[in-house]
Amino acid sequence: MMGPSLLERHKSFTSLVFPFTSNFVLENLGRMGVTLFLFVIGVKMDLGLLKRSGKKHLYIALASVFGPFLIVSIVAVLTRESMDEELARVSSIGEIALSLSVTTFPFHYTILEELNLLCSEVGNMALSIALISDAIGINFMVVFEAMKQGDAMVWIIEQTQEGEAVDQFYVIAILLGSFVAAFVTDMFGLGITNGSFWLGLMMPDGRPLGSTLVQKSETIITEVFMPCSFVFMGLYTDFYAMKEAGWSALRPLFSLVISGYLSKFFFTMLAAKVVGVSWRDSLAVSLILSLRGYVELVLYVHWVDRNVIGLPGYSLMILGTIVVVGILTPLISILYDPSKPYMLKQRRTIQHTAQGDHLRILVCIRDKTNLPSLVNLLQLFHPTVQNPFSLHAFYLVELIGPANPVFVEHQNQELEDLSGRFPDLEIIHHALKQYQEGREECVELHLFSAATVKPTMYQDVCKLALISKAVFIILPLEKKLDGEMETTEQWGGESGSIVTQILDNAPCSVGLLVEKAERWQLPQIASYNFIVLFLGGPDSREALAFSDRMSGNPCVSLTVVRFLASNAEGDDEMQRKLDDGVVTSFWVKNEANERVNYREVVIRNGADTASAIVRMAAEKYYHMWIVGRKQGINPSLLEGLSTWSDHKEDMGILGDYLSFSKSVNSDSVLVVQKQVLTGKGPNFFTPPGSI
């Protein structure tokens, strides 16, 4: 809008906003931004993904590159007579055909990250294909760029000397080195961005160097330099120049662009379908790989500098990119929802796991500080040969250095190789192995780790829960010294946090474990007191089923307190009948167990509920309080308590009250949410006969 297409046509605006020297400053800031940005993308790129890519990805990448390249080349031959002299050159046609065929990894990584598709099946496939496509395109791009520059300065290429390696121990020196590399490649006709990008590929990814480079430079690059780059590119754009050039001059280039977009889309979709990808996923992958972004915008500017295209052609390419991205991006979001594959129609809960079957539990670990609360809980779970369980431990690390997410199922010999990317891996592995010692016959241990960005971390958790057939996910939450939850630092923030996403999309039940007492090991006492607050509803029934598994432990004393509304006014009758059945079954099973106590409390409102909880906490010290996440079968049970709650979206009203109330002293609080079935919201009521 600020360019010659609109505001710059008014001299008063131009003289005020863009004085004579400003264009020089803005252009150089823009080029610096692109240079540094592609350097950081190069640092993030993990070329190991090429080795891990399967034949399916290779075949799709080959078809999506060479198919469109062939079609665009044929169209170019047919329309060559109507092209101007510069565009008609073989080198120019080759550059344009290749740019319309190649899928650039840097841009597609960014768009997948923005769409929260990095860890989805379609996202992983698109990343692999983009990387293979980029690897193919880089080789050919060098050839065509050299041909173009060779039209004028072939003798410079013959004198090319390799530069010395940049000192990798100094971040500033490396960033300055990216400018040197950009200058060298630009001088020899290979484009200003190629040098910095290739230098980024040379950098060791991950910790400590790769992650440090990204952390130190990414914010200022994306927030300061890149906006200057986009303004600079926009100021180049002049739609009036297209009008002045006329349709006859732009028709050959327009034909190349249209044929490139269409052939890219259809070749990618058909190739994906041929190798066994579903039609829906094939369509999503083809739409993703048809997108164009800032890498192409930089290339268009480069073409103008090299006289491959003129200003009208550049404006046409910009317009095409805007239209394609504007249409395809919302279509991708509509067609592909990464959360859908995780939601199930069959039951995966503790309540519906038969006695004697493996109880499959997935525990999520962000760092070694999560270990005490998790191991302490597992020690009290009391697995036996008659009631074994499978423990799937999932260590999650935020992705900072390498761009593509990593998911690893560990073998013993792999731990040392991955210690740089997963710093607490050996400590976590040792602690879990120590827990398993003496329990090998009744405890199966599987260790996984993943490096991914926070917005898509929940997808990894849900995916592993789905694959491992877990019936319960345990998420540890810690409190800061000021009493606040660690969700902001550990699990991605308050709004749209990993906790919220897992609760909304998990294929099984979920438990939020809040550690209130900082202990590295359980106190050596004869008995541990647990209490279950039963307010009714699906979540409370799952919480009761969880605690029932612990009732067999001779070291655990369990108290179950059922809260009932006075006169049963406002109760959901269907849910109350289901509650009656579950509670009766539990009590019949444990009536002879002296370590299990059951009682009922009749209350009128949330104030009565809080008073009853405070009295219970004063009567006895309970090491763990267990409660369902949702409000139960009667809203009056928690009436008024919501005004005291700051984290009720994740923890629920009562879970939040127990976790933060100074009147409730305990080691920990476990907040349970029962599995949400496909097509049901978190508050759905279970149909009669299915509890």
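Our numbering is plain: 1 for the first residue shown, then up by one each step along the chain.
For all residues, glycine too, the Cβ spot is worked out from N, Cα and C.
Curation does not apply to TrEMBL; its annotations are automatic.
Per TrEMBL, domain 'Cation/H+ exchanger transmembrane' is recorded for 3-150 (among others).
What TrEMBL records for 29-47 (among others) is transmembrane segment.
The transmembrane segment annotation in TrEMBL covers 59-78 (among others).
The feature transmembrane segment is assigned by TrEMBL to 90-112 (among others).
The transmembrane segment annotation in TrEMBL covers 124-144 (among others).
Feature annotation from TrEMBL assigns domain 'Cation/H+ exchanger transmembrane' to 164-331 (among others).
Annotation source TrEMBL lists transmembrane segment at 169-199 (among others).
Sequence-distant contacts of the transmembrane segment (220-241) (same chain, at least 6 residues past either end, Cβ-Cβ under 8 Å): 1-5, 8-9, 18, 23, 26-27, 29-34, 36-37, 40, 294, 297-298, 300-301, 304, 310-312, 314-315, 318-319. Residues or ranges marked as transmembrane segment by TrEMBL: 220-241 (among others).
Under the heading transmembrane segment, TrEMBL lists 253-271 (among others). Taking Cβ pairs closer than 8 Å, the transmembrane segment (253-271) reaches residues 59-60, 62-64, 67-68, 71-72, 75-76, 79, 83, 87, 93, 96-97, 100-101, 129, 282-283, 285-287, 289-290, 309, 313, 316-317, 320, 324 in its own chain, all 6 or more past its ends.
The transmembrane segment annotation in TrEMBL covers 283-303 (among others).
What TrEMBL lists as transmembrane segment is 315-336 (among others).
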Which residues of the same chain, at least 6 past either end of the transmembrane segment (315-336), have a Cβ under 8 Å from a Cβ in it?
5, 111, 115, 117, 120, 122, 233, 236-239, 241-242, 250, 253-254, 257, 261, 280-281, 283-284, 287-288, 290-293, 296-297, 300, 309
